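Feature annotations, courtesy of Swiss-Prot:
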MOD_RES   THR2  N-acetylthreonine
BINDING   VAL18, MET19, GLU20, GLU21, GLY22, THR28, GLY29, GLU30, MET31, THR32, LYS113, TYR114, LYS141  AMP binding site
BINDING   ASP69, GLU98  Mg(2+) 1 binding site
BINDING   GLU98, ASP119, LEU121  Mg(2+) 2 binding site
BINDING   ASP119, ASP122, GLU281  Mg(2+) 3 binding site
BINDING   122-125, 213-216, 244-249, TYR265, 275-277  substrate binding site
MOD_RES   LYS151  N6-succinyllysine
MOD_RES   SER208  phosphoserine
MOD_RES   TYR216  phosphotyrosine
MOD_RES   TYR245  phosphotyrosine
MOD_RES   TYR265  phosphotyrosine
Amino acid sequence: MTDEAPFDTNIVTVTRFVMEEGRKARGTGEMTQLLNSLCTAVKAISTAVRKAGIAHLYGIAGTTNVTGDQVKKLDVLSNDLVVNVLKSSFATCVLVSEEDKHAIIVEPEKRGKYVVCFDPLDGSSNIDCLVSIGTIFGIYKKISKDDPSEKDALQPGRNLVAAGYALYGSATMLVLAMVNGVNCFMLDPAIGEFILVDRDVKIKKKGSIYSLNEGYAKDFDPALTEYVQRKKFPPDNSAPYGSRYVGSMVADVHRTLVYGGIFMYPADKKSPSGKLRLLYECDPMAYVIEKAGGMATTGKEAVLDIVPTDIHQKVPIILGSPEDVTEFLEIKKYTAK
């Protein structure tokens, strides 16, 4: 006989974890309220994603969002869920969503001190073929003394107090980065709670996978072409890198975090400013990767150092294991001469 119980009676839920962190920092508890509310939305989206075919949520809603992407029915549902739960958390004052042209200003009676930027359903072009998709979020403190406005969201990623993503894959995982590091929580559907499964996650110093859409290779700049060539045909005859690209940022970045390597969505001739959005895609992912010991750059500067000028601003991004990103930057510097 073993003394080990078949059921862990001392589980660490995301609520318990954030409350413990808040107690150490002598916080007000507003962050716990906010993340609890966000988890409620993530659970609801996870359920909707898994029921989408039965509930007729596949297909296009007949509109495009502010960045020109076709809006899917699940996008609309997910956006409404996140907006409503964040407003009712009494912890937010400004919300920025990929799906809304302007920032959402929370009603005075529901306002708190946080600004949240989010992509409610990233990778939604993959919904119909059942590829993993996700929700991305970044949380800032309001720093101005004025009434809440769109300007409160135009902060560099260095000001983030928390960021992360939910991945709706073979299981639903929440990856949360805060000042002390990155922690992963798995949704246990039996009890409806996110359970801590990986504490203080660190990315490998060097990986063996590169990830980008090589369909755009004719528009790559010389540095990127040279880097990819080196990964396929290493000059020192070492093993070539594997190529993995899902086309869903959450899935690609999560794999990079877990296995190491490099993820690239660079600028090219067709998209000189890149295609991914700074506030609710690049900054949160860069924050997660940096807190895990990795690097995130545009090729010219650290993603987290950029001061946004527009809530839907686009930037190039290269992130991942520090040695892999450094190698790319060295090639970039060398080819620019």
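Every residue, even glycine, has its Cβ placed from backbone N, Cα and C.
Shown in sequence order, ASP75, SER78, ASN79, SER97, GLU99, PHE118, PRO120, ASP122, SER124, THR135, ILE136, TYR280, GLU281 are the same-chain residues outside GLU98, ASP119, LEU121 whose Cβ sits within 8 Å of the Cβ centre of the Mg(2+) 2 site. Using a 10 angstroms CA-CA radius around ASP122 (Mg(2+) 3 binding site), the binding-site residues that qualify from GLU98, TYR245, SER248, LYS275 are GLU98, SER248.
In this structure, the C-alpha atom of LYS141 (AMP binding site) lies 12 angstrom from that of LYS151 (N6-succinyllysine). Taking CA atoms as the reference points, TYR245 (substrate binding site) and TYR265 (phosphotyrosine) are 11 Å apart. Least packed by the Cβ count within 10 Å, out of the modified residues TYR216, TYR265, is TYR216. Each residue in GLU98, PHE118, GLY123, GLY134, THR135, ILE136, MET249, VAL250, LEU276, ARG277, TYR280, PRO284 lies on the same chain as ASP119, ASP122, GLU281 and has a C-beta within 8 Å of the C-beta centroid of that Mg(2+) 3 site, without being one of the site residues. Using GLU98 (Mg(2+) 1 binding site) as the reference Cα, a 10 A cut-off selects ASP119, GLU281 from the binding-site residues ASP119, SER125, GLU281. For MET31 (AMP binding site), the same-chain residues that are 6 or more apart in sequence and have a Cβ closer than 8 Å to its Cβ are VAL18, GLY22, ALA91, TYR114, ILE139, VAL161, ALA162. Cβ neighbours of GLY29 (AMP binding site) (same chain, under 8 Å, six or more residues apart in sequence): MET19, GLY22.
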